[in-house]
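What Swiss-Prot says about this protein:
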ACT_SITE  Asp160  active site, charge relay system
ACT_SITE  His235  active site, charge relay system
ACT_SITE  Ser578  active site, charge relay system
DOMAIN    26-104  domain 'Inhibitor I9'
DOMAIN    134-645  domain 'Peptidase S8'
DOMAIN    400-494  domain 'PA'
CARBOHYD  Asn193  N-linked glycosylation site
CARBOHYD  Asn219  N-linked glycosylation site
CARBOHYD  Asn417  N-linked glycosylation site
CARBOHYD  Asn666  N-linked glycosylation site
CARBOHYD  Asn713  N-linked glycosylation site
CARBOHYD  Asn761  N-linked glycosylation site
SIGNAL    1-20  signal peptide
Amino acid sequence: MKKLTSLFPLLFLIPLLASCAEEKQVYIVYFGEHKGDKAFHEIEEHHHSYLQSVKESEEDARASLLYSYKHSINGFAAELTPDQASKLEKLAEVVSVFKSHPRKYEAHTTRSWEFVGLEEEETDSDVPRRKNDADDRFRVGRNFLKKAKHGDGIIVGVLDSGVWPESKSFNDKGMGPVPKSWKGICQTGVAFNSSHCNRKIIGARYYVKGYERYYGAFNATANKDFLSPRDPDGHGSHTASTAVGRRVLGASALGGFAKGSASGGAPLARLAIYKACWAKPNAEKVEGNICLEEDMLAAIDDAIADGVHVISISIGTTEPFPFTQDGIAMGALHAVKRNIVVAASAGNSGPKPGTLSNLAPWIITVGASTLDRAFVGGLVLGNGYTIKTDSITAFKMDKFAPLVYASNVVVPGIALNETSQCLPNSLKPELVSGKVVLCLRGAGSRIGKGMEVKRAGGAGMILGNIAANGNEVPSDSHFVPTAGVTPTVVDKILEYIKTDKNPKAFIKPGKTVYKYQAAPSMTGFSSRGPNVVDPNILKPDITAPGLYILAAWSGADSPSKMSVDQRVAGYNIYSGTSMSCPHVAGAIALLKAIHPKWSSAAIRSALMTTAWMTNDKKKPIQDTTGLPANPFALGSGHFRPTKAADPGLVYDASYRAYLLYGCSVNITNIDPTFKCPSKIPPGYNHNYPSIAVPNLKKTVTVKRTVTNVGTGNSTSTYLFSVKPPSGISVKAIPNILSFNRIGQKQRFKIVIKPLKNQVMNATEKGQYQFGWFSWTDKVHVVRSPIAVSLA
């Protein structure tokens, strides 16, 4: 009995010990808008009071605080236990509490601006045209850029991995004084001082508190990074120069690929750098960056206060989150309230449906499409079989070499399902030396496979897609001559190796080829709709070039992003929606310069309703299947900045309109001055330039309002036309809109109903059907996509 009694104190302590041992993590406590006009110290003390309510002492509360967001965003980031976070979430004024995590966000990793019609002319005449000028439909010459003053006066904030300030893309030669509206700073740090800012890079900051809380005090050796705004990676410099880089003659990637003039979309716009992404500690840079939510929110809060006009974010969540659990979404809403336009990448998880990032209707979500430029090499087998391949490898073969399949030349002990993958230390040098190796994609990085072939003494590599990769063949700066091939070609090569006694191969070097293929087409990697957070909002919004984009690079990183690679390049070719997003950000800067009073929603509308749905061959833009791409792939289409400057009509939306929309997705208490109505309008009635109606059972009436922004004669009449989704009736009431002044608004309804005589099979039920409608006068075509699924 005595022994049993002695256990009671221990039993009593177990829950207490468990509570003490409960792991602390970083949470963001979000309050929405600030109430009243409080000083910064008052706001921080208010945040401390909430922390103290769940902490054991004032010292503990202050030590746990990482950030107090004081400018536009009202909230804080702090170390909390799950129990403490749960208690805070129940308190008054708290909108949401959400956990940060290193794997919650990821970065979404020239000819491009010439292709869309924004190249800077070298002379005062548009003729003679240069050999590789883009099709007239994608070309505009000087007038549009001159009207926009090349973006001068507009400040673009880029939230990424920093900047390499020595790049020619960021020189300030001939630029005027820094805009008086600028309120930011040039934050100094390792290898970065105030002299690295200039009249081009007018501000730079870095945010590392969240990163250090997870990984410990910053260690330059382990982190392979700079504790400053300097970019160790290349991703940030690439995106920044794509948006607003200066024109640089004779730029090219390693090996001379894509040689020509490199320029951002708005080359005279000013650049503000917000470094919130950091190299993974003790890892190769090719594995990507870490972008912590609490650091990004601090960056957005500062960007708003600094006075940027545009924010470009080539980062997104790795899985969908409700808007109030997504720091980028919430930060962007506060930016939009200040009429800052936010463009963000759609993600690189395509072509699987429902994989999009950055789904909030106040964000311009950008997918990735192709250019008309390719890097074409060749593969010749000993039996005469020849095929063109994609290649940006600078290395060359002098003659045919024996050809082997990786599975036949591995060391003992490699797992059966990995023998074909050319993983590190898997190949047997005595069987590989001097030979071309067929390696298959799957596990391991593409660059790493080439490294392994080189380590084993191989003469070259054929990198074969597996079925899951489809027919989209990537190009990388490999360490050996390399040819990328499709699954069909892989089968032919394997058959040749199997049946020929002395198989051999020759890899031809790649070269830059223009007008190689119909463009644009959709990339396979670009994430696809539908919008899984709110299917009433059609996403993505638009698409822009994101494949094989040439732009500035970091002097601290090789083109392959591997530490053993000592090659250095001032410019690099990179792919991803990370690359398409800054294209749109650059276009936004130009539109802001021409129309400084336009709202963020008006600029989105102008870009979307003027986008192309056809390629340079005047055929529908294709998906990777070879079929016409639908709005879940390309949104409203491929962007046309010059047309967007004069869209005719726009679908505008105020900050309060976004708050009203928020009521439909259970965001009810962000702004203390706004209350949701008793009857909440459905999400599809938000005044968006596209329409999505999921699970249609009966007639649905969608409401929209357009504003006349036409130039010249203010009197105009627009007629309605429609191509309805299959099995759906779409009508407009009224079907004629007349305007007699600029700024005039007109309301209309779109009546959508299923056709009674439409017989659906089982596969059609629940599947989306697509169409479009437009308003047309004698000058403008204002086009909107439609996506409807039948219940």
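Including glycine, each Cβ sits where the backbone N, Cα and C put it.
Neighbour counts were taken at the CB atom with a 10 A radius for the recorded positions Asn193, Asn219, Asn417, Ser578; the maximum falls on Ser578. In this structure, the CA atom of Asp160 (active site, charge relay system) is 10 Å away from the CA atom of Ser578 (active site, charge relay system). Long-range Cβ contacts of Asn666 (N-linked glycosylation site) within its own chain (separation 6+, distance under 8 Å): Pro322. Between the C-alpha atoms of Asn193 (N-linked glycosylation site) and Asn219 (N-linked glycosylation site), the distance comes to 20 Å. Cα of Asn417 (N-linked glycosylation site) to Cα of Ser578 (active site, charge relay system): a span of 32 Å.
Regional average pLDDT for the domain 'PA' (400-494) in the model is 93. If you measure from the Cα atom of Ser578 (active site, charge relay system) to that of His235 (active site, charge relay system), you get 8 Å. Break the domain 'Inhibitor I9' (26-104) down by DSSP state and the numbers are 28 helix, 23 strand, 28 coil.
Under the DSSP three-state reduction, Asn417 (N-linked glycosylation site) is assigned to helix. For the recorded site, Asp160 (active site, charge relay system), the DSSP three-state label reads strand.
The Cβ of His235 (active site, charge relay system) lies under 8 Å from the Cβ of Ala107, Thr109, Asp160, Ser161, Cys277, Asn289, Ser314, Tyr574, Ser578, each on the same chain and at least six residues away in sequence. Note on the domain 'PA' (400-494): DSSP counts are 31 helix, 21 strand, 43 coil.
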